[in-house]
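Below is one structure, written out as structure tokens, with a few remarks after it.
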Amino acid sequence: MFPRVKIQSVVSSSERFARTSALSLLAGLATGLTLWSLLHQFLASVGYTTDSQCALLFVIGMVAIAPTTTWWKDSFTLPNVSAILAAVTVVSFLLCPAISPWLISNMAMTGAAVSVCKILVGVLCLGGPLLLFRLLFSSTGIQNTGFLTSVVIGVIGNAFWLAPFWGLQAGAFTGAILLCSVTVIAFLLPSWQSSTISSRIEYGPHERGVLPYSMLLAVLAGVALGTTRQVIGELMPKAVYLDAVTTASLISGFALGSTIASKFTSHRAQIRLWGALLAVGTVGISMVSYPWLTDWQLDANAYIRQVPALMLIRSLTIGLFLFVPATGLGMIASRRSTGWAISFAAVSSALAMEWLLPELGVSIVVVGCVSGLLLCLVGASFDSVPRTKSWRQFPVILSLTTLVLLAATIFSTESRQPSRSAKLLFNSAVFIEKHHLQDSQLLEVTDAARCLHTLETPDGPLTVWLQNGVQYRVHENGVPQAVVSTETRICPHPTAEVLKVLFPLVLHEAPRQVLLLGDRGGATVDVCVDLPIDRIDYVLPQGNASREALDLIWLFARENPFADLRVTTKSEHELQSGQSSSYDVIMDDPGFPSLPEATGHFARAYYQQISGHLSPHGFFAQRLRQLDLGPEPLRALLSSASNEFSSVSLLEIGSGELLLVATNSDRGLVRPGLADRLQQPFYREQFARLGWDWSIPLNLTLFEHDAIQQFVTSGSKTFGGQKLAYLMPKEVMRWGAKWQELMTELAPHRSRLAEFAMSADNLPDLLHRLEEVTGQRELVARYPDQPWAYRKELRERIQKEPRSVIQQVSGSEPQRALHPEDQRRVDYFKTLGQALSNPTEEHILRVEEFARPFDPLLSPFVMSECARLWQSFGDEGQAKELEHRLHAIFFANASDRSVRDVTRAIQLLASNDSLVADRQLRADYVDSLLQILKQRWDQRGQSTPAAPEVVLNDIQQSLEAVEAGNRLLKSTPNAQENSLHFKQRERYLEQTLRRPLQSYRTRLLPHQQKK
């Protein structure tokens, strides 16, 4: 049925064999170098996301089955192919970043799907080189084993050596030079001048009629490969070097499988079934072993400090789990259907990652793969073709093996817990706690966050966590990316989530159009809707999954900022394909900076694109999470930004957090009237929601443009360009005081925003205000559980340091009057005195009005005063009391060591079910409060106090609160459904809170008796 292909003669000379091997190794090395440079260039150009990788797989699938006519085989000799490939590689490498954004944006305008656009880009930029790679591999002058081995070496060498130190262009151009060398060698050797592209393969009789069956097994292997890559990828941060390991593992595994199949041509049917079992069995094993793999990666993260060793462990983990199924795929592919097997496997793998896994879930896909293999094996055992006895028994044995695997997979579907890996493997605090906590099982319960939902997305699981009752945390593929509060009256947004957009808005004189990029939680939208802004464009960072996460977060919020008519939600490609808009402020949050999709936000081309969307006097602000990065990565991205913006500055917006602020305006960063804008009511309200006074932003550390230029030019260019994608993960893995290293290098360039924003006349008022802020923090630290101590401090300030202003009274001489702020404080004491003597609802509400506008010596204490006033109402005032106590707790400074507010709030929640109708939400509040109680006792320490009876009373109240809290937690539906987790959490609080308090009480009792 199928024609027998004539085999060309093979010269058996040892010299010819040596030359063939050398040429194959050289050609393979060149192919590996150029292949990886092209693949990374394509992914970096179209976006380092899963849909881009799927587009690449589709292109590979199309190239694998592209027909090669006789004319091709006769025209493209080995020298011709290598020469053309060298030229095409260089052209594709240079053109890909130039045409990809333009082509995608223009096609998106026509309504084409983004994935289709990326496939077209892949065909145009990679189709030619990949087809030539295939022709080069098929040349009679090439030895398959040596060629593929050196391809793997080239890919690994480029990703681990050339690209990190010399850039992607080094691999591309070096590979092109080596291909030219192959051309010269092949041309000079007379025996190879006539070498043509031909099939050196003879089909055996057993290959007939097996194509549909082989393709079915190839589809199963492809789905298994895509699923395995997704499951193992959840256990470590994404990195470009891991993608290189993936590529090398697939090539080497397929080569080994093909070699095995070629050695056992008489047992092709058995080999094919063994290959399917290897491919599908690996994904089942990855599910069964998921908990152990998580623990292994946790140990590696916590104990291994050598970066190469940690990279090796991660590479071996992902490489092994992909090498085995790739070997199985090579065993499945028959000689005449290798291209079709690769194509079916590539396309099915892409469909699995992009569609099957998000829609059906990992567990169902894995069970489906194993079940499909079992059906194929059962079908093979009933094959009507006469077989030997051993053949008839062989599928039965494999079927039983697969049946055992299916049972193990079904019973272990719950063992894959993305929430557990997200909590343990991407948190530096857990790594540190691993060294101190004796029971490692308690690492899962070291905080009070509860996983609300897990969404399967093409880019990995997206988990949403709840903490502090109203604060949500978003993890993408395990990596924490955003924290947002849906009730800022009780619990604030994290400082960096607000300042990343609020600062550029304040710096601009009158922002009207704002573009928000990369905000996973929506905190920036919540800020912007309360400001006088005409247009707010919010770009979803991850498509439908991000939309679902936002809906989950804001579903039950008191106010949904996305319901505001000024807010327009769009995708990144809608932004690119639309008409060029001009924005006064563009905010970008790239996320965790070492991830491949984030490093593209630090490239010069990205800054150039952003610059084109800015208005003439607009600001671009980019959040930089620098805690795990030293000075060199920052120097590289600042260098890129400085090439596209006329003014680039840095602001320190939190511990380990910097904000890059850039503009092309000749007005610069600090513009006239900044201090006045900070005191506008709507801006003061936004800062007050953080517990900040308007003066605090002026005291933040600033590195202005000239200082940035000195910092950039003072160091090396190690991290420049696309090398960031390779060196950032290494920098994150490096142990050390990296934030301190960065601050040490930046110290000579440090200044304060006030130095540029305040005139000499206004500076004394600012210093006075900042001194009050410092005084408030010192009060909280000096007098824990004595919130009334501020009264004495405030009265003394008014009496001993009264401020006055001159008021012009009509018809009389100018008169001196008390400063409006001091007068307001006097009025507050009068109102508070009335409320204390007669605590009515009206009087309490009048006291609460003094919390706004923010006063550093009033506002932080007003809520505690109101809570105690509402407490005097008994049961009728408990709801209001709880709200005010929660505000006082969650808005407290980090130095606050007060515990009585916390214990009182726990007792209220535990004793009154009507305060929070949802029992699980009430338990979430209590669990978070118990965690805060532990932290505050840790801050207090266990020294002998001057008044032991007071501390003993606090200990007793705390122990009672712990008991009441545990009773409530034990009765919740979540505790009953997940009893193991609850018991671990109870044991953790027992070891870290209850027992230390009991021990402290035992030590203090003798001191009280002496008193």
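Heads up, the Cβ atoms here are built off N, Cα and C, so glycines get one too.
The following features are taken from TrEMBL:
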- 21-43: transmembrane segment (TRANSMEM)
- 55-72: transmembrane segment (TRANSMEM)
- 84-104: transmembrane segment (TRANSMEM)
- 145-164: transmembrane segment (TRANSMEM)
- 170-189: transmembrane segment (TRANSMEM)
- 210-227: transmembrane segment (TRANSMEM)
- 239-261: transmembrane segment (TRANSMEM)
- 273-292: transmembrane segment (TRANSMEM)
- 312-332: transmembrane segment (TRANSMEM)
- 339-357: transmembrane segment (TRANSMEM)
- 363-382: transmembrane segment (TRANSMEM)
- 394-411: transmembrane segment (TRANSMEM)
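For the transmembrane segment (273-292), the most Cβ-contacting stretch among 145-164, 210-227, 239-261, 339-357 is 210-227 (pairs under 8 Å). Pairs of Cβ atoms less than 8 Å apart link the transmembrane segment (239-261) most often to 145-164, out of 21-43, 145-164, 210-227. Note: the stretches the transmembrane segment (145-164) and the transmembrane segment (210-227) are not in contact (fewer than 3 CB pairs below 8 A, sequence gap of 6 or more). Sequence-remote contacts of a segment are chain residues at least 6 beyond its ends whose Cβ falls under 8 Å from one of its Cβ atoms, and for the transmembrane segment (363-382) they are 213, 216-217, 220, 223-224, 227, 269, 273, 276-277, 280-281, 283-284, 287, 352, 356-357, 392, 395-396, 398-399, 402-403, 405-406, 409-410, 413, 416. Counting same-chain residues at least six beyond the ends of the transmembrane segment (210-227), those with a Cβ under 8 angstroms from any Cβ of the stretch are 250, 268-269, 272-273, 275-276, 279-280, 282-283, 322, 325-326, 328-329, 332-334, 336-337, 340-342, 344-353, 356-357, 362, 365-366, 368-369, 372-373, 376.
Packing against the transmembrane segment (339-357) from elsewhere in the chain are residues 50-51, 53-55, 57-58, 60-62, 64-65, 115, 211, 214-215, 218-223, 225-227, 229-230, 254, 329, 332-333, 365, 456, 458: each is 6 or more residues past its ends and has a CB under 8 Å from a CB in it.
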